[in-house]
Amino acid sequence: MDILCEENTSLSSTTNSLMQLHADTRLYSTDFNSGEGNTSNAFNWTVDSENRTNLSCEGCLSPPCFSLLHLQEKNWSALLTAVVIILTIAGNILVIMAVSLEKKLQNATNYFLMSLAIADMLLGFLVMPVSTLTILYGYRWPLPSKLCAVWIYLDVLFSTASIMHLCAISLDRYVAIQNPIHHSRFNSRTKAFLKIIAVWTISVGISMPIPVFGLQDDSKVFKEGSCLLADENFVLIGSFVAFFIPLTIMVITYFLTIKSLQKEATLCVSDPGTRTKLASFSFLPQSSLSSEKLFQRSIHREPGSYGRRTMQSISNEQKACKVLGIVFFLFVVMWCPFFITNIMAVICKESCNRDVIEALLNVFVWIGYLSSAVNPLVYTLFNKTYRSAFSRYIQCQYKENKKPLQLILVNTIPALAYKSSQLQMGPKKNSKKDDKTTDNDCTMVALGKEHPEDAPADSSNTVNEKVSCV
């Protein structure tokens, strides 16, 4: 009898447990599945409880429901990052196509911009998608551990290449302003590519220690299951070598370039001593040369206090510096928060809130990635050649419809009878016209200056200066 009573008691307790479990299940379904409003209230109440008591979520919100809500929040972040990835890849592909196909854009500075676009495009292809994947997995590394060091290496490589390209552009423009003749003589396409190779070599050298040491010791690239640089020495040294030092060089040379342009503009306005003699004219038949080389003129300048550059060429340089300055500014503004926070994470480990630092780094790194997507937008807004090329490429028109060449001469030579095929005019000996100079500002491309936007680029080392004196 005692045994039967114990069995009945056990069965009744089991029945009561099942009934209580059923009631709890119904309560759970009512609280979290009855509507959007109840879910929000339960979640807000949980957050308030955590803030008031600083306790875990046990008893107030079940872990499956919390994970579902948290995953939904991260999906919105992943959606935003997907938009950034698409803009980065598509925009930089357009930049690469424009420099490759448009002769007007084929000069040293735009070659650097094309190489920069390649780095940004590879960042969008190889680095950003993996970063989005880690967001979906709660910043845990979901791929094989050996790929972590490779991913960080590519991230550092392309980010370093971006700042190195901007630094090289700033240095190249400054040299072109300070010594235009020397820069024009030694600034060929081959030398521009050699400079680009040097930039990539430096970037590879800075980022190479990551896979070398990371593949040997996982602790240098893993921290609590997350794939990130855990070596504090490399974080400090890498931040200064890969960002702050090139940033300092870039900013100094850019402001020196602006100062030099302002100084030359002042000299050109105050001193009309740019004495330019028209030595010879040459009109060649269109069948023998391309339209870009149809009209050539040799120009000889007399030495004066200011004879290197005219107001139009200085104005073109200032426009180019304006566009580059916007690119520099956006890059600095978008990457500085990440690198400053990265340094703070190492320096103030004990005094700073670790969770806050990690959250800021996760946000700031994507703000830095965003700089790779905005460069094509800057080119589109401020450069009509890029804007026209992008518009045609989107419409699958890869060649520009060339308009027939119309040659107009205004007040440059006296009216003479000449053949339509060829006219040559040279200076006469002991003629007063030999001493006649052009004091007006003539629109010309000075030695060492990049081609303006609406002038076709010439790959030859000979400088054919265009003149339009009105």
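FYI, residue positions are counted from 1 along the chain as it appears here.
Just so you know, glycine gets a Cβ as well, placed from its N, Cα and C.
Here is what Swiss-Prot records for this protein:
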COMPBIAS  458-470  compositional bias 'Polar residues'
DISULFID  Cys148-Cys227  disulfide bond
DISULFID  Cys348-Cys352  disulfide bond
CARBOHYD  Asn38  N-linked glycosylation site
MOD_RES   Ser280  phosphoserine
REGION    424-470  region 'Disordered'
MOTIF     375-379  motif 'NPxxY motif'
TOPO_DOM  98-111  topological domain 'Cytoplasmic'
TOPO_DOM  172-191  topological domain 'Cytoplasmic'
TOPO_DOM  259-321  topological domain 'Cytoplasmic'
TOPO_DOM  382-470  topological domain 'Cytoplasmic'
TRANSMEM  81-97  transmembrane segment
TRANSMEM  112-137  transmembrane segment
TRANSMEM  147-171  transmembrane segment
TRANSMEM  192-215  transmembrane segment
TRANSMEM  233-258  transmembrane segment
TRANSMEM  322-347  transmembrane segment
TRANSMEM  356-381  transmembrane segment
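Feature map: Swiss-Prot annotations on the structure.
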residue	record	CB count, 10 Å
Cys148	disulfide bond	24
Cys227	disulfide bond	25
Cys348	disulfide bond	11
Cys352	disulfide bond	15
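Counting Cβ pairs under 8 Å to the transmembrane segment (356-381), the top-ranked stretch among 81-97, 112-137, 192-215, 233-258, 322-347 is 322-347.
In this chain, the transmembrane segment (322-347) lies apart from the transmembrane segment (112-137): fewer than three C-beta pairs between them fall below 8 angstroms, excluding pairs fewer than 6 positions apart. It is 21 Å from the Cα atom of Cys227 (disulfide bond) to that of Cys352 (disulfide bond). Counted over residue pairs separated by six or more positions, the transmembrane segment (112-137) shares at least 3 Cβ pairs under 8 angstroms with the transmembrane segment (192-215), which defines the two as touching. Here the CA atom of Cys148 (disulfide bond) lies 27 Å from the CA atom of Cys352 (disulfide bond). Taking Cβ pairs closer than 8 Å, the transmembrane segment (81-97) reaches residues 113-114, 117-118, 120-121, 123-125, 128-129, 131-132, 135, 366, 369-370, 372-373, 375-377, 379, 386, 389-390, 393-394, 398 in its own chain, all 6 or more past its ends. For the pair Cys148 (disulfide bond) and Cys348 (disulfide bond), the Cα-Cα distance reads 26 Å. Tertiary proximity for the transmembrane segment (233-258) is limited to same-chain residues at least six positions away from its ends with a CB under 8 Å from its CB atoms, namely 156, 159-160, 163-164, 166-167, 170-171, 173-174, 177, 206-207, 209-210, 220, 321, 324-325, 328, 332, 335, 339, 342-343, 345-346. When secondary structure is read from DSSP and collapsed to three states, Cys148 (disulfide bond) falls in the helix class.
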